[in-house]
Structures are given as C-alpha cells and as structure tokens.
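TrEMBL lists 22-272 with the feature domain 'G-protein coupled receptors family 1 profile'. Per TrEMBL, transmembrane segment is recorded for 12-33, 45-65, 85-103, 115-138, 165-194, 221-239, 251-273.
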C-alpha cells in the first residue's frame, strides 16, 4: 500500500508541475500579445482567464495532496477553509469559463457580451464556495464520514438541511446544466464543421485536399477541449459519487479522484500551446 501511495503522490506532483508550467506559459503568451497589440480576441481573453484559474487550482490541489497523505504540520481552521474553498472556487470557475468559451467560439457577435459575464461568474461561484468557508473545519483525527473533501487535517462539519439543499441545488445546476449545454454546443460545432467541410469540398472540387482555415483549426481545437472536458468531468462525477455512496475516505482513492478531475487543467494548455507553438516560440525567443 505504501508503494502505491508513493506512486500516486509522485503522479500528483508531476501533474501539478506540468500543469502549472504549461498554464503559466500560455498566460504569459497571451499577456505578452496583449501588451504588444493592446487587444485580444474574446476567445484569447477567455483562454488567458482559464489559464490563470488552472494555475491557482493546481497549486491548491498540490497543497491538498500533501495533506491527504499526511503532512508534518497540522492545518488550522483558517488554512483548511481558505485552501479548500479556493480550490472549489477555481473548479467552479473552470467549468463556467469552459462553457463560455464554447459559446464564444460559436457566436462571435455575442463574444463581447459574453466577457461581461465573467464578473457574474465570479460572484456566482464565490457564493457556492462560501458553503465550504462555513462547513470546513480542522480535524486532526478524521474518523467520520465526509462527503466532498477529506484531508489529514480537514473535514466537513454537519450543516443544516436548508444550507445543504441550497448548496446541492447550486452545485447541481453548475455541474450538470453547464456540462449539458457544453455537450450540446460541442455537438452543434460538429454539425457546423461538417456542413462547412462539405460546402468547401463542393466549392473546391478541383482540389482534393483543401486546407482548413485558421477559424476551422481554432474550432477544431476548442471542440477537442470541450469533448475532453465533458468526458473528464463525467468520470469525475461518477468517481466522486461512488466514493460518497461507499463512504470511501481512502487517501489513494481521494487523490485519484483529484487527478482525474484536474486532468483537464494540465492537458488543455498543452493542446492550446501546440496550436500556437510557432508564435509562442517566437515570443519566448
């Protein structure tokens, strides 16, 4: 069991390290582009916003991973509340920003209006994560059932049914509803791409392999990210639900759940960097 624990710990920190490095590179590239051109496309602004969210999310995941497997210092109430609430805030903002990115890719005319939604998303997700500011407590010896996050030092205290129902309703809306909409917009993107491809083949019948436009390549990338995000979120939902139903507080199980749930935060910047690798290399030089 100790060997498997070491492997999970090493994989966790490897994921965090790669993810933070990739997201920092992506954020630096978009900030540099903005400083040079003084303007960015709405999708680029959202990607930069997402990269910043993922940096903070992966940092807090690293802190939680150290405490899941036991740390030398026992966390107090303030550290437990701040780290876990911040993680939940970033996770919620990631879900909302991914959905906003998919909508912006589809409806360019509405893209500027979509950007005004970002402050609203912060307020909405801060309201949800506020639940953890109230319910998370420092417990040096975890022996009871805790539904969402358990570390060596932190646990969830029992809340009133009323607050529990409010949190469940908001979290369900945020997760299931937005993921459903993201899946629908991804499906709509597939239909648009297929129609555009057929039209392009018809117009360029003399050319057997017409090149995809930059807009098409960007849509392909966003579609790939949307699909991967929906799949990882779905499996993370199944994983966390089974963990709750089985009263499973095993640290390896919990860290595997975090690895799966945060895989998107590590892989998505690598996909985006690959798309912009020529410009990014030029900027880094």
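Here the Cβ of each residue, glycine as well, is placed from N, Cα and C on the backbone.
Curation does not apply to TrEMBL; its annotations are automatic.
Keep in mind it's a predicted model, so treat the numbers as computed, not measured.
Outside the transmembrane segment (251-273), and at least 6 residues removed from its termini, the chain residues within Cβ reach (under 8 Å) are 1, 4-5, 8-9, 11-12, 15-16, 18-19, 22-23, 25-26, 29, 47, 50-51, 54, 57-58, 61, 64-65, 68-70, 91, 94, 98, 149-150, 152, 221, 224-225, 228-229, 232-233, 235-236, 239-240, 243, 280. Between the transmembrane segment (165-194) and the stretches 12-33, 45-65, 115-138, it is 115-138 that has the most C-beta pairs under 8 angstroms. Counting only same-chain residues 6+ beyond the ends of the transmembrane segment (12-33), those with a CB under 8 A from a CB of the stretch are 40, 44-45, 47-48, 51-52, 54-55, 58-59, 61-62, 65, 255, 258-259, 262-263, 265-266, 269-270, 272-273, 276, 279-280, 283-284. For the domain 'G-protein coupled receptors family 1 profile' (22-272), the predicted model reports an average pLDDT of 75.
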